Structure formats: structure tokens, C-alpha cells
Amino acid sequence: MRTLSKDIINKVGEKVLLKGWVDVRRDHGKLIFIDLRDRWGKVQVIFNPKDAELLKLADRLRSEWVVAIEGEVKERPKGMENSEIATGNVEIAATNLEILSEAKTPPFDISGVGFDIGEDNRLKYRYLDLRRNRLQKNMSLRADIISFMREYLRDLDFTEVETPILTKSTPEGARDYVVPSRLQPGNFYALPQSPQQYKQLLMVAGLERYFQIARCFRDEDTRGDRQPEFTQLDLEMSFVSREEIMELVEGLFAGLTEKLFPNKKILKKPFPRITYKEAMEKYGTDRPDLRENKEDPNELAFCFVIDFPMFEKKDDGTFGAVHHPFTKIRNCGEDAKEVVASLEEGPNEDMLSEQYDLVLNGNEIGGGSIREHRAEVLEKVFMALGHTKKEVQEKFGHLLEAFDYGVPPHGGIAPGIDRFVMILTGEPNIREVIAFPKTGDGRDLMMSAPSELDKKQLDELGLSIKRKKK
Ligand code: ASP
């Protein structure tokens, strides 16, 4: 059976079988040394010239070859220990070597942190880039964070539900990615900008506490550190207040940080609640950086920004929703008739919403809101945003209809996972914490996506491509 590199320190004197990659090879006189690398670390292996045949085979080894090595675990001679690796007090005296696969010389060095290598090259050979220690650690921390989230919410009786990827447009303020339908030619699915409507429908369905590690797709022009697809911890609860959601989120993020990042210090608990107005006046931004010492990588200043405006005026004079249209208005009275009357007068920027944003060190980590669950009010919100009654029916009729069948008041939030992992690992951008990210212009350089379709596929889909004249 295979032994993992991390387990050999307890096996001095035993015979083991190790499998992994040749990290480096060093020749000292007649001896050949290699560092064998597996996911858990590295271990030094020695090939002794006494076994001429074995030495000859070992002489062929190069970096990144994949091997199986049998040998005896020995304590290293005094003075030869290497305190830099966990297995530095032991080494393997090889008795057998099997070459499982050979490797070309990688197009770049994978032993360092990799920031000096052109990113296009790193993305093209991402499977090699991911071999570097820094990225291996990022992937494993990301998985730990997601596991913590799952366990935390499962303990609170949340149900994890998968919602469709092939769906209909939900406005989150971006352009949709669309997928042509073969069976309904001329019709298109939209990839979800978020599972917003599904999670609200799950509340109508009586699930009460839902979460999902959800992939979201937004077709936006390259704007800094964004990805066409990204991951959110999407959650929704019935019969909750804004404060209860914030407390839940605080418990989750504080608990997670304390367990997985014990060296980090959360500046203030409870996380401060700051109104949008105060944030803008005092810090000039709706995602204030409340750290006392911005040079300190271990300081984490979480806060919630609340009382956002419901609507914002766009350049063309029309109004858009600051969060999204499903958000409840806060300051137009409790009675549905009152809110409808205010909306009929037209939206304005003094209307506040039940939105809350979670902010960490000046980054928006997630946004959410208590939703408008009264169909007659929600319909008016859509109309205030410029939709005709007919358009509202076409686009959101399914949700309004669902709300006619006994809808619990509900609310939720969706913290972004990529950005949170980025901050906690101290990485400069989210691509460093995503296994297979895309370039700024939305390309996957490893898979060469997007790519053209052949004529047969286009015909099946009833599509023809209009080429732009160059
Ligand atoms: N769907 C929202 C978003 O993606 C989050 C929410 O309101 O729960 O920002």
C-alpha cells in the first residue's frame, strides 16, 4: 500500500512505497538524491551505487517525472537534517524504482510562488501552475472554508439545494450569458446571474432555510478583478429580520476565521453596523475600510453597511435598483397600500431599502436584503423601474403568481467566496484562489474557450453568425 510523504516520520526502520513527482534531483559523487513530492509534502530519497541497476534507472530521472519508489525509512545522519521540510529528519534508502510517467521540462518554474511568470502562460498550463505550493495551499484552504460553511449551516438546519444553471434571466444588474435551445429553436436559456428567484421560490415552497454554494454568471466588461463566473454562498431564510440575518452571517464568518485562521484578529465584534449615509459622509465609500493599521495583514475589520437607498438614478434619467428589485423598501410605511402609493408617485433616491452589505477591509464581501413578499408592491417596484405591466408579467409573472399562494416573509444574502478567500490568503487577486480562472477578456486559455461552433451545430441550433466587417 502507498505511504504518504507526511506519514513517513513515524515509520523509521520500515519499508514503504511512496508515489509522487520528482521535485528535484541532485547528484553527489556517486549517489543520486531526489526530493519526491506528493500533495502532502516532500521527502528525500537516496539511490546508492551499490545497486548498479537501480542507480542506472535513477540516473534517467528528471523533474516532474512520476514515480513509485520502495525503500526503507532511515533517520538522517547527524548534521544532515533539513529543518525546512517536515520530513527533514528522515530519508528513504531506495530499493526499487518504477517510472510511472515521464515529463517534458515544464514551460516555467513551479517551485517558486510564480508571480514573476507571465499570467497567460500560467493560465495556459494551469495544471502545472496548480502544482506550486502556494496554489495547492489556496485550493485546500478554499475547500476548508467551504466545508466550514456547509457544516455551520447544516448544524442550523439549513437545506442545501441545487438550482438550475439553464434558466431564465434574473436581473442582478449585469448582462446575461445565454445558451441557445436546440429543441426550441430561436429560444435561449440564460445562465443565472444568481439563484435569486429560485431561492425565493424555495421559501414559497416551505424550505425555510436554504443555502447553496452557487455559481453565478455575469457577462460584464472587464472591470478590474472580476470573473465571468464566480462562487457565492447563497442563502435565504423565512420569517427573519434583517438583524437575524446579520447575526447569522457574523457567527459564520467570525467562527470560520477563528477556526481556520487563528493568527488573524477580528477588530470588532459584534461587527459594526454603519448606515450608507454615514459611510458615504465619513469614509466617502459604501465599503469602508475600518482597519486601524492597514499594513497589518492579520487585521480583519468586518462591518455591515445598512439603510442603502432603494433606487439610484442612472445616466439616462431612469431609475435602477441599488441592490435588486426584490428588495423591500424600508421607509415608506408598513402598509402595502402606503408603499404602493409612494411608488405610484415615482421612485426617488430618498427611499431606503432593507439591503445590508457585508464589508471586510474595504471590500464588499456580500450583499443581501429582506425581500418584498407582497405581490402588489413588488409589481409596482418593477413598474417604477420602467417595466410596463405586460413586461412585468412576461419576466416575473411566475414569481408574482407564486406569491399568491401563501408566501412567508423572507430574506437572505450571498457572500462571495472568491473574494473572501483572496483576502484571507493575502492574495493580490481572485484568480489566485480559483482553480481555472478566465483572463480579463473572458477566455480560458487552457481549453481555448470560447471557440467557434461547426456548421452542423449551428444548423441544429438554427443559428447563423453575422461576422463583423474588419
Ligand atoms: N442575489 C443577490 C446577489 O447576488 C444576493 C441576495 O440578495 O441574496 O447579490
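The backbone N, Cα and C atoms fix where each Cβ goes, glycine too.
Of the candidate ranges 36-39, 72-75, 196-199, 240-243, TrEMBL annotates residues 196-199 with the feature region 'Aspartate'. When TrEMBL records Arg218, Asp219, Glu220, Glu364, Gly416, Ile417, Asp418, Arg419 as binding ATP, the matching candidate from Gln227, Gln355 it lists for that site is Gln227. Non-local contacts of Arg419 (ATP binding site) by the CB criterion (under 8 A, 6+ apart in sequence, same chain) comprise Asn363, Glu364, Ile365, Ile430.
The Cα of Glu172 (L-aspartate binding site) lies closest to that of Glu220, out of the recorded positions His28, Gly79, Glu220, Ile417. Here the CA atom of Arg218 (L-aspartate binding site) lies 15 Å from the CA atom of Ile417 (ATP binding site). In the three-state DSSP scheme, His28 (site 'Important for tRNA non-discrimination') falls into the strand class.
As a summary of secondary structure, the region 'Aspartate' (196-199) carries 4 helix, 0 strand, 0 coil according to DSSP. When the binding-site residues Glu172, Glu220, Glu364 are compared by the number of other C-beta atoms lying within 10 angstroms of their own C-beta, Glu220 comes out lowest. Among the record's L-aspartate binders, Glu172, Arg218, His323, Arg371, no two C-alpha atoms are more than 22 Å apart, and one pair sits at exactly that spread.
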